[in-house]
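Report on one structure; see the data block that follows.
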Amino acid sequence: MTTGYESVPTSEPSDNLAPRAELWQRHLLEKKEGDQSISVSAFNISSMHNELSGLSEKSRQRVEAVWAAFSEASCSERKLALQGILNNCSSSLLSFASSTLDSLVRLDFLSLLPVEISFRILSFLDARSLCQAAQVSKHWKELADDDVIWHRMCEQHINRKCEKCGWGLPLLERNTLYAAKASIQKRYERLTKRGVDQAHESSPVKKAKLDDYPTSSNEETISSVKPPSPNSDSKFFLPFKTRPWKEVYAERCRVECNWRHGRCRQVVLSGHSDGVMCLQLVRNILASGSYDATIRLWNLATFQQVALLEGHSSGVTCLQFDQCKLISGSMDKTIRIWNYRTSECISILHGHTDSVLCLTFDSTLLVSGSADCTVKLWHFSGGKRITLRGHTGPVNSVRIIRDRGLVLSGSDDSTIKIWSLETNTCLHTFSAHIGPVQSLALADSRLFSCSLDGTIKQWDIEKKKCVHTLFGHIEGVWEIAADHLRLISGAHDGVVKVWEACECVHTLKNHSEPVTSVALGDCEVVSGSEDGKIYLWLFNNAPNESPVSTQSVPISSLNGQRSNSSVQRALSSVPNYSSSLSNISTRNLNIPPSNANNDDVSIQS
């Protein structure tokens, strides 16, 4: 018996047809490990064999003769024969031929190609197309859902704007990426050695590598996924022992959709008795400083206050905290360093002759700005203190760009100065604002500034010029915060604005007093006001409708008392948190030594 386009012996069972050189590619059976499925063509051959055996001897011989003659004909003869057959077909037969051809001409190319080539093809699809591809078949689903594909998708979108689609997804969890990436590379190499070399030894196509795909230039923090176990195995790929990258992508995509459509819920934190001057947000821990001379720490998972730091004799104007210490500046002219887990003040730094208005620090350096018009550099090691002079008005904001060796400062004199950490000299002065510069924000290589002239400006530090001016607030802008995806601003008009690509996309209104401080997270906007209230706009797990009702969370006075155990539990999510609280000392808090007050080097710009 002959079937299809080439000769096939009738004595050979149709469900055990071996691949033959004279068969077309679509006739080859898909033999996969642990998979008993067969191709559509193989099923048709088996069906025809069964129908043929049910015919009379004369009819069977007539059909076999037609098949044999067609198989022995040349290509041009076959075309001519088909044209003649089709011309003699009724409408019902033509309809049957059309439906039959529709399934025969389809080719599952991903099943025929080497797996790494399939990955390469799928890597050009967007997220929606990948989800649609996963619905084609089980084999396509395994390929389209694999970590290799979705890890690349996460690298392309998370914490950055995709150049192709313009979407960027929030970072959310901040754990290292390199271990997960190395695990995926190992899986990929194991796959190519195990599957491709055995099933496609004759394939001349060069194997693609994971390193060929575009990857992130910043491989610090992308996913909360732990690497899969190297000892686990599965039918096709190593199984997921933790959250798959597709799930990670989907979670962040939901949050980004909430950002885009303005879907959020609102929470109000009440605890300060006077205006909120400064905020800092690290994951689910929020620190706030106020005119009431206190610093409060909040757990945003429960919206509860977990620590109260008291010691300043006047309003707290600025603060920053890391894994184990919090540094604050005050209108009492001092800088205090706290072990915020025990609410203990570790050190007090004196040096400024007027209110300390701003500060920032990294692993080796503390920079502060004051109403005395100076910028001070406090070195954690060696005790050296340097004073930078050049501003003619109070210094309201300072920032460190460590990889460039620069310090930035913004002042009431309407200027922004760039200082060299190597020479301690002023390299350049920006002077485009016509009002006091209140806040500076850095995102990637972009510098933003806001002023009481009601504008926000974006600067090119390399070219030393203003590249964008953002208008939207009707009164002075007090503070801004930025990340890789967006910028937020709080102003004297009592509103908070969310900006993307230099355009205002949302305006958040609920404050009854001027907004004096803001903080930006991956899925939240935080703002503080002169009325002492802190507003949170939460874009994760947002309801379908917007706006939503406000949830107020009043906090009773702690009177400076809070058990260490509750603080430790609340702060356990802070990155690199050590459970050994008893070992915290002045030395490992990494603070300027007490003799820093005696080694003041004054630099005039």
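Residue 1 is the first one shown; counting continues down the chain.
Placed from the backbone N, Cα and C atoms, the Cβ positions cover glycine too.
As annotated by Swiss-Prot, compositional bias 'Basic and acidic residues' applies to 195-212.
The feature compositional bias 'Polar residues' is assigned by Swiss-Prot to 214-231.
Among the features that Swiss-Prot reports, domain 'F-box' is placed at 107-153, with the record citing sequence analysis.
According to Swiss-Prot, the feature phosphoserine maps to SER229 (among others), an assignment based on experimental evidence.
Per Swiss-Prot, phosphoserine is recorded for SER232 (among others).
Swiss-Prot lists 195-231 with the feature region 'Disordered'.
Note: the repeat 'WD 1' (271-299) comprises 0 helix, 19 strand, 10 coil (DSSP; helix = H, G, I, strand = E, B). Residues or ranges marked as repeat 'WD 1' in Swiss-Prot: 271-299.
Secondary structure of the repeat 'WD 2' (311-339) per DSSP, as helix, strand and coil residue counts: 0 helix, 16 strand, 13 coil. If you look up Swiss-Prot, you'll see 311-339 marked as repeat 'WD 2'.
In the predicted model, residues of the repeat 'WD 3' (350-379) average a pLDDT of 97. If you look up Swiss-Prot, you'll see 350-379 marked as repeat 'WD 3'.
The annotation repeat 'WD 4' is assigned in Swiss-Prot to 390-420. Counted with DSSP, the repeat 'WD 4' (390-420) comes out as 3 helix, 18 strand, 10 coil.
Within the chain, the repeat 'WD 5' (432-460) has long-range Cβ neighbours (under 8 A, six or more residues past its boundaries) at 393, 396-399, 401, 408-416, 466-484, 487, 489, 491-492, 499, 502. Residues or ranges marked as repeat 'WD 5' in Swiss-Prot: 432-460.
Per Swiss-Prot, repeat 'WD 6' is recorded for 472-500.
Cβ atoms under 8 Å from those of the repeat 'WD 7' (510-538) belong to residues 170-172, 255, 258-259, 264-281, 283, 286, 288, 290, 292, 298, 300, 303, 475, 478-483, 486-496, 498, 550 of the same chain, restricted to positions at least 6 beyond its ends. Positions annotated as repeat 'WD 7' by Swiss-Prot: 510-538.
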- Note on the structure: Within the same chain, the residues 6 or more beyond the ends of the repeat 'WD 1' (271-299) and with Cβ under 8 Å of it are 174, 305-310, 312-321, 326, 328, 330, 338, 340, 513, 516-521, 524, 526-534, 554-555, 567, 570-571, 573-575
- Residues of the same chain, at least six outside the repeat 'WD 3' (350-379), with any C-beta under 8 angstroms of its C-beta? 314, 317-320, 322, 327-335, 385-389, 391-400, 402, 407, 409, 411, 419, 421, 424, 590, 592, 596-597, 600
- Message: Could you give me three numbers for the repeat 'WD 6' (472-500), the DSSP helix, strand and coil residue counts?
- Response: 0 helix, 17 strand, 12 coil
